[in-house]
Ligand code: GDP
């Protein structure tokens, strides 16, 4: 049974500020009646769901606005309750007046994410799907949109529920053995259980691997672009930005010398962190800058080392790379720039794996550079994922890790012939962790922390 949600909530569902239209949304048992009290036009409570009505909103004899009301009768609505959406003119003043009139009549201002929370509580979708709604609103690239859409439509949830259902079957057989206590019976076939557990672990590991890529899709790839002054870093960034006609964002980094630019390549966002430039220096302030550059490199997912082909020898490139990335842990692309200034014989001297030659000024070699950047990401995720489902949510990844760990314990218990009681306890833990993802098992704290990350009105 869904919990009793007796009050009617209201919020502005479009962004605040002036606009052509603003949409206010009400949900709850009094949604239609409260709107009726303000609405001059047809009697809304006599109208069927999924209908639109034009009229005026009046409060204390004053016309507030001409509006269109969309009527949804529960359970055929987003929240499964009666829902009214009022489309009024997009003025903050009008919105405030209408909200105030509705609140005076008994509506309550909705908290962040409360509409989606109600939809979840009424079983319209599970928790993972609800979270995908927030991701969908925040999606800013083709790929992040695609992944969020897939999750919202239940792809990930289906995969999990299937896993969980098969475990539940075994768990109930084990619980049955417990009921028989001393009689020492085995209903649950241990060999079958072992192979099921191993199969589940394979799927969970795949999902966890997909999280690496999911994280990249959601948060972008931090790429440090390092190189000496005049190597052409700014020219290259501009060329990449123009190439993709991406939205240019120049947010200052934590210090003034780091500028972040975002370039989207085939739906994957690369966050370029520019550095002050590398140079040997005796100046204390500058050497701090160099140290910071190295620190940045250590935290990056990718290092793009740009050098000037007309002013660098292949040996210098090797030395600089070794200094920037001493342990070679960070995937690195060495990129020689100003190819337009040297001849083919000179260029041949730089031929190395993971070295590309480009001209940021003429655009030569840029498509190859973009493909090389993508390859770095895909090589580390997409190809190995082997799963159509991509995990993007940290909470889901943590729960999957916990489930994996609990399944390990069950497997270990089986191999050393633990008693049924211990096995059943570990299995319950695994089930709980999987159940947390979709919300089959949830706590108030968890729900609060999830839904407060939503915007008001969603
Ligand atoms: P940064 O200090 O690394 O950001 O370097 P800039 O992007 O400011 O470039 C330094 C200079 O090199 C500028 O005068 C650019 O016009 C020039 N430059 C950059 N890329 C190329 C290139 O591919 N070919 C040529 N000939 N000049 C370039």
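Heads up, the Cβ atoms here are built off N, Cα and C, so glycines get one too.
As the structure is a computational prediction, the values presented were derived from the model and not from experiment.
Per TrEMBL, the features are as follows:
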type: DOMAIN; residues: 220-378; note: domain 'TrmE-type G'
type: BINDING; residues: 230-235, 249-255, 274-277; note: GTP binding site
type: BINDING; residues: 230, 249, 251, 254; note: K(+) binding site
type: BINDING; residues: 234, 255; note: Mg(2+) binding site
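DSSP classifies residue 230 (GTP binding site) as coil under the three-state reduction. Listed in sequence order, 274 are the same-chain residues at least 6 apart in sequence whose CB falls under 8 Å from the CB of residue 234 (Mg(2+) binding site). Residue environment of residue 233 (GTP binding site) contains 23 other Cβ atoms, counted within 10 Å of its Cβ in all protein chains. On the 0 to 100 pLDDT scale, the domain 'TrmE-type G' (220-378) averages 78 in this prediction.
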